Amino acid sequence: MWKKGIRVIVSFVVVLLVWQIACTVTNANATLFPSPVKVGEEFVKLFTQGLEGSTSHVTLPGHIRISLLRFATGYVLAAVSAILLGLILGSLPKVFQFINPILQIIRPIAPVAFLPFIVFWFGIGDVPAIVIIFIAGFFPILLSVVAAVQHVDGIYYKIANSFGVGKVKTLFGIVFPAIFTQIANALRLALGTSWIFLVSGEMVGAQSGLGFLIMDSKNCMRFDALLATMITIGVIGFILDGLLRFAEKAISTKIGFGV
Amino acid sequence: MYIDVSNVSISFEENKEQHTILNDVSLQVEKGEFICLLGPSGCGKSTLLNAMAGFLKPSSGEIKIDGQTVEKPSMKYVTIFQNYGLLPWRSVQKNVELGLETKKLGKEEKKKITDHYLEMVGLKEAAKKRPAQLSGGMQQRVAIARALAVEPEILFMDEPFGALDAITRMKLQKDVLKIAHETDKTVVFVTHDIEEAIFLADRIVIMSANPGKIKSIMKVTLPKDRDRTSDDFLLMRDKVYEIFQMKEERNIEYFI
């Protein structure tokens, strides 16, 4: 644990040092190539006062809060609906054969491509970002859950049949826990992509949030603010992944897979 | 006749080729009998068991239990599998309760039944543990307790001890025999282990492969409390060897 922490610190210190030295030595344009010190200063400013010259007076914690709320809404909706639908479609292979081709066509379309429609239908605000996150999370989770249900060990069905367990209870009480590990993996992958697409959703369809802050910094030609926001996005994504991993581990230990 | 398998054939089609797994098998089992289906892999012994347990429909012929045609699995005849089929996310106790949940029993009653059968298989202490914390032999004991808990009349056992080490296997054989007698169950037990079959069975159904059929049925004329090292036991074993070797002798003639 300690060794890991030290390695992380060392790699960050080296990157920051190289970055700072490069800025000082080359005497580059401070606006186009902001130094880490400048980014750090701007980060503190964003945190306390918000972006200078922006139309919005929201500070960085405000943007983070808005983004996280949107993210939570879209991601939880996507996860719950995709898991439910995946369990059902997975146990109806004949129906899934009809639905699968459609899913396979929709899946490769970047979620952002839906944006114009969404913005025109729902207007600018929370909804476009939430819908983008939903689309980004829904399809990968759905397809993983369907595949997991279809490949669940046949013995579970035999056991359920032997002991008179009903269809619904078999699906939620036996198949669902049996594929928990695969579901957890799918949730983690989807968490990453959803967080990435949150930013793109907010870049176009919102007047607040971290994605908006990226666009706002660009429009104000404030590359130090831009970098500070980018780093914030990366750190939060990393923390979210860590939280989910922690939750996954705790649950699998609790339900007996971790023994 | 309690279990009546009459002229059952099972075949399936793959790449437009017809594969026959079981060819015209007939077998009658009396109530309370312990039957072993013995044969090499590919002889269709597990397929026959799966058909009797209602997991598989015969392509032709009919299987009746207690006068009723078998169409689907039922709690009247529970199957025990080689890989236990325990639910790893449930405690031992909750695993044994699985079949009782559909019976809509009260919490107290469920616990009473579960305790009774866990005690019968010698695992009362492990009630709170997870399957993953138990050895293979103990896991199979949990599966047996789970099957007994719904009070079936027949136990179908599909190579239940195939994944266990020899000593654990012998212990479990002894216990299963005792439990079957105590609870008065009819048992159909699939195995490829000749000694296991002789130790357990009242009658051994010897099967051969390609296509799977019954080669002969042998009555085991040994006392209930069997001794693996006794002369009678070894004689019985020789008899089974003979039946299996008939085929080899034919092969030798062929090569000469």
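Keep in mind that glycine also has a Cβ here, set from the backbone N, Cα and C atoms.
Cross-referencing A:150-169, A:170-189 with TrEMBL places the feature transmembrane segment at A:170-189. Contact count against the transmembrane segment (A:195-214) (Cβ pairs under 8 Å) is highest for A:130-149, out of A:72-93, A:130-149, A:170-189. In this chain, the transmembrane segment (A:72-93) touches the transmembrane segment (A:170-189); three or more CB pairs sit within less than 8 A of each other, excluding pairs fewer than 6 residues apart.
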